[in-house]
Amino acid sequence: MRTLGTCLVTLAGLLLTAAGETFSGGCLFDEPYSTCGYSQADEDDFNWEQVNTLTKPTSDPWMPSGSFMLVNTSGKPEGQRAHLLLPQLKENDTHCIDFHYFVSSKSNAAPGLLNVYVKVNNGPLGNPIWNISGDPTRTWHRAELAISTFWPNFYQVIFEVVTSGHQGYLAIDEVKVLGHPCTRTPHFLRIQNVEVNAGQFATFQCSAIGRTVAGDRLWLQGIDVRDAPLKEIKVTSSRRFIASFNVVNTTKRDAGKYRCMICTEGGVGISNYAELVVKEPPVPIAPPQLASVGATYLWIQLNANSINGDGPIVAREVEYCTASGSWNDRQPVDSTSYKIGHLDPDTEYEISVLLTRPGEGGTGSPGPALRTRTKCADPMRGPRKLEVVEVKSRQITIRWEPFGYNVTRCHSYNLTVHYGYQVGGQEQVREEVSWDTDNSHPQHTITNLSPYTNVSVKLILMNPEGRKESQELTVQTDEDLPGAVPTESIQGSAFEEKIFLQWREPTQTYGVITLYEITYKAVSSFDPEIDLSNQSGRVSKLGNETHFLFFGLYPGTTYSFTIRASTAKGFGPPATNQFTTKISAPSMPAYEFETPLNQTDNTVTVMLKPAQSRGAPVSVYQIVVEEERPRRTKKTTEILKCYPVPIHFQNASILNSQYYFAAEFPADSLQAAQPFTIGDNKTYNGYWNTPLLPHKSYRIYYQAASRANGETKIDCVRVATKGAVTPKPVPEPEKQTDHTVKIAGVIAGILLFVIIFLGVVLVMKKRKLAKKRKETMSSTRQEMTVMVNSMDKSYAEQGTNCDEAFSFMGTHNLNGRSVSSPSSFTMKTNTLSTSVPNSYYPDETHTMASDTSSLAQPHTYKKREAADVPYQTGQLHPAIRVADLLQHITQMKCAEGYGFKEEYESFFEGQSAPWDSAKKDENRMKNRYGNIIAYDHSRVRLQMLEGDNNSDYINGNYIDGYHRPNHYIATQGPMQETIYDFWRMVWHENTASIIMVTNLVEVGRVKCCKYWPDDTEIYKDIKVTLIDTELLAEYVIRTFAVEKRGIHEIREIRQFHFTGWPDHGVPYHATGLLGFVRQVKSKSPPNAGPLVVHCSAGAGRTGCFIVIDIMLDMAEREGVVDIYNCVRELRSRRVNMVQTEEQYVFIHDAILEACLCGDTSIPASQVRSLYYDMNKLDPQTNSSQIKEEFRTLNMVTPTLRVEDCSIALLPRNHEKNRCMDILPPDRCLPFLITIDGESSNYINAALMDSYKQPSAFIVTQHPLPNTVKDFWRLVLDYHCTSVVMLNDVDPAQLCPQYWPENGVHRHGPIQVEFVSADLEEDIISRIFRIYNASRPQDGHRMVQQFQFLGWPMYRDTPVSKRSFLKLIRQVDKWQEEYNGGEGRTVVHCLNGGGRSGTFCAISIVCEMLRHQRTVDVFHAVKTLRNNKPNMVDLLDQYKFCYEVALEYLNSG
């Protein structure tokens, strides 16, 4: 409408009625408008009004005068409509409609829009042909309509008013239908219908009578289709012109009715409607059909009866081309079928049909293509010139003349090598397909043949249409060596001093076996004192003998037997197996006369002599006391000569045992003969040597036991006999009086002294006796129960002796690798001599710390009573030298008087300073716990918010660091109500590091609210955006971008979230937390604000972190630590920092581990040079740094106690353990979930962390025959996607093949299905599909097994670093591709020890290099050993980890 409005101009001045003849349809509105045949629409919002001011004057100056049709827009909302309909006109002669209109407004704003429509033949209304919407003029104007519809069409003119919401008037008057042409507007002649094919231009020619001037607008108007612009105007005379319009790129949507329009200064001219018909070129709906096919032709049916588009069809064509070619050919077709000839055999073609209708552009696009292939043709001939190139014992190589497509006449063909030979009197026929046909010198090698065999060979060229054969050749394979004797057939029956060896002849003899050669050699013995140098030899046996008895061997010795078979060509490969002779019982010394050295009523003293070992060292000596009872026969005595089952004296009566163990000694404590007293009332290795009872008779036995390889052999000898003491007769009273009087005085004096002495001793020994009673009760429980509870342990419990005083010096300083110094200290327990790191002591005046340390200064707010806190100054708790730390911790843990418990209890508990702000009612809701709140003197004060006088409070306190005031803020874990305050504090304090030492939820309780976003979050005026997350096994590092409204600054803040703290207690080991502390130190900017540290309450774990961080700095700078005074200082700043004794002890253990181990990480750029230096041998110590590092690792590796492995030691689980000395601890067991009958949920396996993922590895032993089903339950239950196998299948060592080579193996409900296998260098990879048949809804899992062949059993390390690194990378790639790195990896070797640990350690080191560009082999192995002490158990394996890291760096 706006376009039409702009094309119209005001027709000012045309106030006179045009002269000439008029037709019906006009109206002057002097009479009612209905008399003129005018009407109004029923659906209008309001009606036009007929006004006559002559008969009904008005005083409204805005209303025109006269008689007219009026719309008063006052009070009418915007958008309301009213229509005035003229009568239908059927004027075929030239005529003109003339009318006047009036527009006025009281606000100078248009009162509405006046439109004129022309509706033809009661058709759609269409768009307005004329409108006026300009500013009101308050004068009458004239307009004319030149309408050309032509007979038999009729039309109707409609006036429409659309209100604008403004007050005013719109009126029309003097509507006339004149019988002559319009004076200012051209008339169109009749326009004709147009038909085109889709995609072509449709041109409409509109001839008009009249003049056109510049400024007139012409266009082609359609109904429900697009308008077309003017193409050109051609003036044919002074009063005639032709206007052309193009509808471009026609489609079916353009078909419809169009009319010509011209807008002039005086009015509008319109033509009749013409139809645009758009025809769609025909396209077949279906592809042509294949009637028949040959090698060189295709016969098709056009199949073009059904089409898309319009007919009629005037022509047909077939277009075809090769599917891979760029050319095509088009052939006209005059029938419904067509044969395409002269085609190539076995070639794919695409064939389409094209149809044409009349008119330009009438040819449609090609129809759907038929894609088909010609048949192959019979090969021209068979292969020629077949000849033998090379003959070997197991293979022959043949060659033939090359050929190509012109011979095969087919792209799909097989060249098959057909050969036959006899095996065992039976004809064997084989076929192999050769794919080397395109080689310029084609040849094929037939392998896996038997030696000395005639083989007939021919080639067969085959395609789907036929086959051609070559001539046949016959050739004989060469002679060969025999195969190996089957390893599983080498069986040995072992005795103490002989082995009976049996074997079978090789499965593949390849001739007559003439000889067997057996080489034997002693490789190891359980007894290190045995000389094995003479225990070797070689034996030859004739080919028909397959057994031999070896005698004169040593007990307890492992012998290696290697057998080779020989034919006339020589010896075949060896087969080796090992067998171990049984150990013998120790040889006890002779005791010809059972005469004791001394004897009292309660004791017997005998001389104990060392026993002679036989095959295994003596493990232990034991003293057994047997009570002589009535009715014991000699036979029974002989049967019970030796005593394999130890029984404590306390349990002997409970068990009704006739004997008990009085003492037990380690073998090294009895190197020479020495006396021993039975009944001395002391305890030896847990056995109470109780005094003998005088009225009983005893036999004293001395026995020695040797233990090795699961065997225990005992020998014993009776060393003494004690008879019962006969009671002396009682003397007569009168003879006794003098004697009694004489001794009474002596006895009274002695008794007085004893009473005083006992009073003192009882007080001193009270706790010691209590401890002994506890140990005795514990020992009894261990004998009477199967399972014991797991207990936490520390370094002192793991490897120290509380009765010995010693000191240590670590081979690693706090900053890095080992250093050397002339001074050294000796550890008595293992004679380890190491050096003092000079960097501990930068200044001689600081070698010993005192209460001058800032950490030890008293605080103003401390309120203590002397009676409650006996130690108030640093003088009673001086700093401890790092060199003395191990001794100090050992003494504190083993102390019978003042130990960690007493030291921790000396700390002031509870409030020690005012906390009035925290106690305000307005601040109570800001505290997570009512008893852990902020002291006033050290609390963090936030900037006050407007209108809130308490908005400066947050539950957090400043804590001083090492020579850095207010270096930390200890705070609680944010609550939902305090998240905004928390970020306010972080921003205000310019904090760059947040340390979080809790999980959000622990044991079902919320410990901290999640105060950070996963993407972006706005906390009032602070915007926090997560930009990076680094997930590691025991902690997460998140990086945020933080902005504050109104401040043009973006700060980067890191959150260090330690996730490895258990729900109860403290971490089992400090290794992970120490690595976490080092990360915080390395990534915290030195000039930033305080470190914000929080757990849940902000006291216990928070205190642990801060104390450890401060003490590491102190140890590095001063060579001392002052843990006690540091904790005391922290508690003066915030209540109850370090909340439990357990945490206090853990801090000591963590600092000790840090001092022992140091920071062993190496930047990637320095690995090569440092590793070279680490391997240099020190001529003075004859050792190297890497050896010392490995020794340190062994020293700090915890030893598993019996109670740690209680589940593995249950009797029902014994048969599931390959080695009883390599057991998984209870805390890292993966309990089996899948139910399998009565089977237990135990498997000998342990969960291990990788660098980035907790419990990423499961380390286990090679499945035993009875645990294969448990192994697959483990794989399924723990979502394992990779299995790494680092040992060989060896049934002799109970290492069966546990997987299927094809088909499906069923292990209870678990089904393992073989999918595929591949061999690449030293790695066999097999893919299996496993699923639980009892739970089909769970679906299946794909598991890839990687069997590594490059680690022979006789080597401590793999043969190749490159191939082992390739194994690591293949496992990583499969893990990432199959399960996004989320699945676990099962790693197993023979016993789940050194080899498995080496794989896990190297995998961790490679992850370190990828993500941190550092190498820390020590930390990687230490982390693994925290769960299993036998991980990476050899120095060579430890070195190999470094060497693979170098290989990783070299490979890029």
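Cβ atoms are placed via backbone N, Cα and C, with glycine included.
Marked as substrate binding site by Swiss-Prot: Asp1063, Cys1095, Ser1096, Ala1097, Gly1098, Ala1099, Gly1100, Arg1101, Gln1139. Gly1100 (substrate binding site) falls within a helical segment according to DSSP. With a 10 A radius on its CB, Gly1100 (substrate binding site) counts 22 other CB atoms from all the protein chains.
Taking the Cβ of Cys27 (disulfide bond) as centre and 10 Å as the limit, one finds 26 other Cβ atoms among all the protein chains shown. Under DSSP, Cys27 (disulfide bond) is assigned to a strand (E or B) in the three-state scheme. For Cys27-Cys36 (among others), the entry in Swiss-Prot reads disulfide bond, with the evidence type sequence analysis.
Annotation comment: Swiss-Prot describes Cys96-Cys182 (among others) as disulfide bond, evidence class sequence analysis. Within 10 Å of the C-beta of Cys96 (disulfide bond) we count 26 further C-beta atoms, all protein chains included.
Cys206 (disulfide bond): 26 other CB atoms within 10 A of its CB, across all protein chains. Cys206 (disulfide bond) carries a strand DSSP state (E or B). Residues or ranges marked as disulfide bond by Swiss-Prot on the basis of sequence analysis: Cys206-Cys260 (among others).
Residues or ranges marked as domain 'MAM' in Swiss-Prot (evidence: sequence analysis): 22-184.
The feature domain 'Fibronectin type-III 3' is assigned by Swiss-Prot to 481-587, with sequence analysis given as support.
Positions annotated as domain 'Tyrosine-protein phosphatase 2' by Swiss-Prot: 1186-1448.
Summed and averaged per residue, pLDDT over the topological domain 'Extracellular' (21-742) gives 87. Look at Swiss-Prot and you will find 21-742 tagged as topological domain 'Extracellular', backed by sequence analysis.
Annotation source Swiss-Prot lists topological domain 'Cytoplasmic' at 765-1452, citing sequence analysis.
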Exercise for the section: Tell me whether Gln1139 (substrate binding site) sits in a helix, a strand or coil according to DSSP. Expected result: coil
Practice task
Calculate the distance in Å between the alpha carbons (Cα) of Cys206 (disulfide bond) and Asp1063 (substrate binding site), and round it to a whole number.
Solution key: 91
Completion exercise
Of the recorded positions Cys27, Cys36, Ser1096, Gly1098, Gly1100, Gln1139, within 10 Å of Cys260 (disulfide bond) (CA to CA), in sequence order, we find none
Practice task
Within 10 Å of each Cβ, count the other Cβ atoms, then let me know which of the disulfide-bonded residues Cys36, Cys182, Cys260 comes out lowest.
Solution key: Cys36
Practice task
Could you state the whole-number distance in Å separating the C-alpha atoms of Cys182 (disulfide bond) and Gly1098 (substrate binding site)?
Solution key: 97
Completion exercise
Integer Å value for the Cα distance linking Cys36 (disulfide bond) with Asp1063 (substrate binding site) is 98
Fill in the blank from the handout: Expressed in angstrom and rounded to a whole number, the substrate site built from Asp1063, Cys1095, Ser1096, Ala1097, Gly1098, Ala1099, Gly1100, Arg1101, Gln1139 spans a maximum Cα-Cα distance of 16
Problem - Neighbourhood of Ser1096 (substrate binding site) by C-beta distance under 8 A, where only residues 6 or more apart in the same chain count - result: Arg928, Gln972, Gly973, Thr998, Glu1002, Lys1007, Cys1008
Exercise for the section: Round to a whole number and give the Cα-to-Cα distance in Å for the pair Cys96 (disulfide bond) and Cys27 (disulfide bond). Expected result: 14
Exercise for the section: Using DSSP reduced to three states, classify Cys260 (disulfide bond) as helix, strand or coil. Expected result: strand
Fill in the blank from the handout: DSSP says Cys36 (disulfide bond), in three-state terms, is helix
Problem - Inter-residue Cα distance where the pair is Cys27 (disulfide bond) and Asp1063 (substrate binding site), in Å - result: 98
Fill in the blank from the handout: By the 10 Å Cβ-neighbour count, the most surrounded of the binding-site residues Asp1063, Gly1098, Gln1139 is Gly1098
